[in-house]
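Enquirer: Below: one structure in structure tokens.
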Amino acid sequence: MAFFSSSILSLVSTLFLFMFGIASAQLSSNFYSSSCPTALSIIQGAVSTAVSKENRMGASLLRLHFHDCFVNGCDASVLLDDTTSFKGEKTAAPNANSLRGYEVIDTIKSQLESQCPGVVSCADILAVAARDSVVKLGGTTWTVQLGRRDATTASFNDAQSNLPSPSLDLSGLISAFSKKGFTAPEMVTLSGGHTIGQVKCSIIRTRIYNETNIDSNFAASIKKNCPSTGGDTNLSPLDQTAGVFDNTYFKDLVNKKGLMHSDQQLFNGGSTDSQVNTYSQNSAKFFSDFGSAMIKMGNLSPLTGSKGEIRTNCRKTN
């Protein structure tokens, strides 16, 4: 009788998983194992070459994936150029003259098309390239789930409204990430990706000249490269080891050396202070949490099954 009961339970649970878990089950780590077994090594090689050539490219590729996923899911819509039928995401305020790395994605795509035509999606390339960039710069690794398909349209308006602004206060950051299903701790974790980033003077000018919750010597050092007028595109590193993926970003926040307003909000007497403190002292904890949060981000509304397409050119629909 016990055996019969357990068999019934097993059958019921299998049916339940089939009915309700099929969308998530369609992404898998071995999606290309038979259709394009060299896919992951091709992406890794191209990312390694690009980041070796220009260290900053690692941050750019990580950011491309983030800006893709936060606008209608991880569907490579961010890569589409404008057409007569839609205005894409590239010229939206958070992306224009800011997002970069498109050429690296083009290179990877052309290599994959030579090896396995019409198989590997641009959305999956973005997800894997983000992971490989973090690893290349000394960070953690995680298992990228694969099988996303590519969108056939993009939305300028959604890119305008869905991407968190660097001027947000803590409550605004928590709200922006909550809309995408992330907890406040996951928002803090993902913000740690800024450890490899750089920022334009125009974004940080108000903070370094007007805000008081900033180390004065630090502000003075940044002002040398970011005058009160002019120099808008001059870059400053978002933490003091910008070429390395580590926990220095959080150490800097504790020392009031957060460069963007939104960064310092994570350590400013609010609910996220303790987590920033923990990460500043425990890089292993940050690394572990970051991998988990990136897997979750990569699962944002993917197109699977017969939805979308596999673009042959990431910049345009087939």
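Backbone N, Cα and C atoms are what each Cβ position is placed from, and that goes for glycine too.
All TrEMBL annotations are machine predictions without curation.
Found this in TrEMBL, in case it helps:
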- His67: active site, proton acceptor (ACT_SITE)
- Asp68, Val71, Gly73, Asp75, Ser77, Glu89: Ca(2+) 1 binding site (BINDING)
- Pro164: substrate binding site (BINDING)
- His194: heme b binding site (BINDING)
- Thr195, Asp239, Thr241, Asp246: Ca(2+) 2 binding site (BINDING)
- Cys36-Cys116: disulfide bond (DISULFID)
- Cys69-Cys74: disulfide bond (DISULFID)
- Cys122-Cys314: disulfide bond (DISULFID)
- Cys201-Cys226: disulfide bond (DISULFID)
- 26-318: domain 'Plant heme peroxidase family profile' (DOMAIN)
- 1-25: signal peptide (SIGNAL)
- Arg63: site 'Transition state stabilizer' (SITE)
Enquirer: Other residues with Cβ within 8 Å of the Cβ centroid of Thr195, Asp239, Thr241, Asp246 at the Ca(2+) 2 site?
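Expert: Other same-chain residues with Cβ inside the cutoff are Ile196, Gln240, Ala242, Val244, Phe245, Asn247, Thr248, Tyr249, Asp252.
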Enquirer: Any idea what the Cα distance is from Cys122 (disulfide bond) over to Val71 (Ca(2+) 1 binding site), rounded to a whole Å?
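Expert: One finds 15 Å between the Cα atoms of these residues.
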Enquirer: Tell me which of the disulfide-bonded residues Cys69, Cys116, Cys226 sits in the most Cβ-dense spot, judged by other Cβ atoms within 10 Å.
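Expert: Selected residue: Cys69.
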Enquirer: Going by C-alpha distance, which of the recorded positions Arg63, Glu89, Pro164, His194, Thr241 is nearest to Cys314 (disulfide bond)?
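Expert: So, of the listed recorded positions, the one sitting closest to Cys314 (disulfide bond) is Glu89.
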Enquirer: Taking only the recorded positions Gly73, Cys116, Cys226, Thr241, which one has a CA atom nearest to the CA atom of the residue listed as 'active site, proton acceptor'?
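Expert: Minimum Cα distance from the residue listed as 'active site, proton acceptor' across Gly73, Cys116, Cys226, Thr241 lands on Gly73.
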Enquirer: Residues near the Ca(2+) 1 site, Asp68, Val71, Gly73, Asp75, Ser77, Glu89 excluded, by Cβ within 8 Å of the Cβ center?
Expert: His67, Cys69, Phe70, Asn72, Cys74, Ala76, Val78, Ala151, Ala154, Ser155, Asp158, Ala159
Enquirer: Between the Cα atoms of Cys226 (disulfide bond) and Thr241 (Ca(2+) 2 binding site), what distance do you get, rounded to the nearest Å?
Expert: 19
Enquirer: Cα of Ser77 (Ca(2+) 1 binding site) to Cα of Asp239 (Ca(2+) 2 binding site): how many Å, rounded?
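Expert: Checking the Cα atoms of Ser77 (Ca(2+) 1 binding site) and Asp239 (Ca(2+) 2 binding site) gives a distance of 30 Å.
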